[in-house]
Number of protein chains: 2
Amino acid sequence: MSEAAVPDRLASRARELDAGDELAALRARFVLDDDDVVYLDGNSLGALPATVPDRVDDVVRRQWGRLRIRSWEESGWWTAPERIGDRIAPLVGAAAGQIVVGDSTSVNVFKALVAAVRMARETGGEGRDEIVVDATTFPTDGYIAGSAARMTGCALRPVEPAGVPGALGDRTAAVLLNHVDYRTGRLHDLPGLTAAVHAAGAVVVWDLCHSAGALPVGLDAHGVDLAVGCTYKYLNGGPGSPAYLYVRRDLQGRFDSPLPGWNSHAEPFGMRSAYEAAPGAVRGRVGTPDILSMLALEASLDVWEGVGIDAVRAKSLALTDFFLECVEAYAGPGRTECVTPRRHGERGSQVALRCPDAGDVMKHLIGRGVVGDFRHPDVLRFGFTPLYVGFADAERAARVLGEVLDEVAGGATA
Amino acid sequence: MSEAAVPDRLASRARELDAGDELAALRARFVLDDDDVVYLDGNSLGALPATVPDRVDDVVRRQWGRLRIRSWEESGWWTAPERIGDRIAPLVGAAAGQIVVGDSTSVNVFKALVAAVRMARETGGEGRDEIVVDATTFPTDGYIAGSAARMTGCALRPVEPAGVPGALGDRTAAVLLNHVDYRTGRLHDLPGLTAAVHAAGAVVVWDLCHSAGALPVGLDAHGVDLAVGCTYKYLNGGPGSPAYLYVRRDLQGRFDSPLPGWNSHAEPFGMRSAYEAAPGAVRGRVGTPDILSMLALEASLDVWEGVGIDAVRAKSLALTDFFLECVEAYAGPGRTECVTPRRHGERGSQVALRCPDAGDVMKHLIGRGVVGDFRHPDVLRFGFTPLYVGFADAERAARVLGEVLDEVAGGATA
């Protein structure tokens, strides 16, 4: 086959794959087609679901503007954190009553880690004085873990994920792990690592920011203790939409929050001076929830109606496989290095490519309508959100990448 | 004057007062006149400013929906917390660069108190092991102060506000005080108490939830160390809109946050594994800001254009004076007990009345279009927000209260 035939062949393959894609129609649930952009940054900020604008408008004009204070009851504002938690629950394999929405991921990491250390000590004693954290984690998790360690009298022990099982022991109180690495897109072994942490008598906290909404998580099935995640990536909740906290049902009575705000009180309107923690997931709440962002998130979850996470995962892998094939064809070997694992069992829903001048390359890509992002120092990230990205998008992105690499690297391969 | 003439006289006074009110025209900056309600709950949830709905719509449809990820830079999302902080600053007497917006009040109380203890110990040594907190505080402040005390090895010492100066000493690390009491509406002596805390070598944290936007605060003028506040009461930012944190400029380098999220890093996109705090107020940030709620707040601050806080205070006192006069006339003596101080120097911008069956009384009031709120166990709260409440509102509220008391108490005074 001639060189010139490659684009035709891949474009044709893309059309076939799109035609056979059972999830293809879901794209219409998003606001996307008013520009000619391939949006591969849904792993940073999910696209706008079509039902959100009118819902937010109703929240602002009617619920706030007309009902005002009455909306705390009449519009269901007060119970939004646990109600929306229950809608996220099936997407991460959790039964109802274990997730509350609110605060940022960073704040939830703090709640979860401090509570984890307290749980571990309750059963394992004060000798549990180490927090193990993924050394390659998204920085905020490490910073917050450092603060949690400092404030609970623990040492912080950063460990490469592969080395975590070997680092666990009698001193381990809590372990904070990422399900999918934000930079490389590597998927970690949640069932195996959870079991290892439990075998060491410690408590595990999983950060699901880069997996929830992209692949099955199975929190209940794998006996995860605590988990946190954001909602603005694959869950499309909007910029800075509130994060969530999962506390396994049988641990809720022992969840001792470092942020015991009035929203987590057993009787929040009793205005009592003594704190008494509410039962259930509500215990993870803190202060007054940010209703506009929270109800935008609630509306955004409508896009999951009738969608199974297994089908999402199958399409995600097919998309990233196809993208990698196209990158190889268009960018040629040796122009980029793929830092995302090829094995399906180790891959999330993004492809991260390392190349020289990655910051410049991404600027050119965006200028030509292919939106991914750049992560310091040399990584191009392309997120594949199966609800609205198709195979033709993947083909176009790889083709434009090939062209941009020619330009930026200066040497066209003709 | 006959009994029957009282309503006429007060209604006529109200008309005169409204006619002479220089702030009366500001009411048009809010969405209020589509119902026949006297809204006296702006001390719980401020009314909707007229510019907010279209602004939020633009944020959702264009900034999120079309620009998507580009909005972090192009729409100014990233810098919103400090930009909006600078817009709140003049309302609380702070120069620019000392306030960041984000998180809930509860979370900010935690940041401020832990940082305050650390500052106090840096200069005063580890013997500083007490946190003094207003015993009559809004509960969440007490709960969070309890957690801050536990996590810094301090004892929590609840003290009635009047007793605070006498409770301070060599062991005091930090003091958490409310500028205005949420229940009684009592205004505390911020300059005097701040000076007393400083004289004891301790650090003061003021909670401005019930004063900011209603009266002059003078943070800089009075040398306040740290302050927090919500934005959904007199600042009209919307339900659960983000809170703010003030760190006095010369203390910023010593602000050692217990929640050092990536947003407060000196180089947030450097993705460095070691934490290095940013200079300035930005150090108070934690995780990704909730943009929808935050930009609604930003739009809501437009209502302050050209409004001086001294004029607001003057009207607030005139309104609450007049309301108390009307309550006395309509409800008669002994039917309610006013728990808000009569002295101007001790009054915030609400009137709290104690009466039997207060919960029932408030339900009836709301049913008849006078919206205040009930606080356990026996308090009716009426908030007077000078930007949109007028004297006729105050007269009507008191008149309806008189009628409701007749009904609920069962004995018409005819």
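Cβ atoms here come from the backbone N, Cα and C positions, even for glycine.
Pyridoxal 5'-phosphate is bound by B:THR105, B:SER106, B:PHE138, B:PRO139, B:THR140, B:ASP141, B:ASP207, B:HIS210, B:TYR232, B:THR288 in TrEMBL, and the record lists one more residue there from B:TRP262, B:TRP304, which is B:TRP262. Here the Cα atom of B:THR288 (pyridoxal 5'-phosphate binding site) is found 23 Å from that of B:LYS233 (N6-(pyridoxal phosphate)lysine). In the structure shown, the C-beta of B:TYR232 has more C-beta neighbours within 10 angstroms than that of any other entry among the binding-site residues B:PHE138, B:TYR232. Contact with chain A, taken as any Cβ pair under 8 Å, is found for the binding-site residues B:TYR232, B:THR288 out of B:ASP207, B:TYR232, B:THR288. Between the two most distant C-alpha atoms of the annotated pyridoxal 5'-phosphate binders (B:THR105, B:SER106, B:PHE138, B:PRO139, B:THR140, B:ASP141, B:ASP207, B:HIS210, B:TYR232, B:TRP262, B:THR288) there are 30 Å.
Take the binding-site residues B:THR105, B:THR140, B:THR288: by the count of other Cβ atoms within 10 Å of each Cβ, the lowest one is B:THR288. B:LYS233 (N6-(pyridoxal phosphate)lysine) falls within neither a helix nor a strand when secondary structure is assigned with DSSP, and so counts as coil. Sequence-distant neighbours of B:LYS233 (N6-(pyridoxal phosphate)lysine): residues of the same chain at least 6 apart with a C-beta under 8 Å from its C-beta are B:GLY42, B:ASN43, B:SER44, B:LEU45, B:GLY46, B:CYS209, B:HIS210, B:ALA212, B:GLY213, B:GLY383. Around B:ASP207 (pyridoxal 5'-phosphate binding site), the same-chain residues at least 6 positions away in sequence with a Cβ under 8 Å from its Cβ are B:THR105, B:VAL109, B:THR137, B:PHE138, B:ASP141, B:LEU176, B:LEU177, B:ASN178, B:HIS179, B:ALA227, B:VAL228, B:GLY229. In this structure, B:ASP207 (pyridoxal 5'-phosphate binding site) is part of a beta strand by DSSP.
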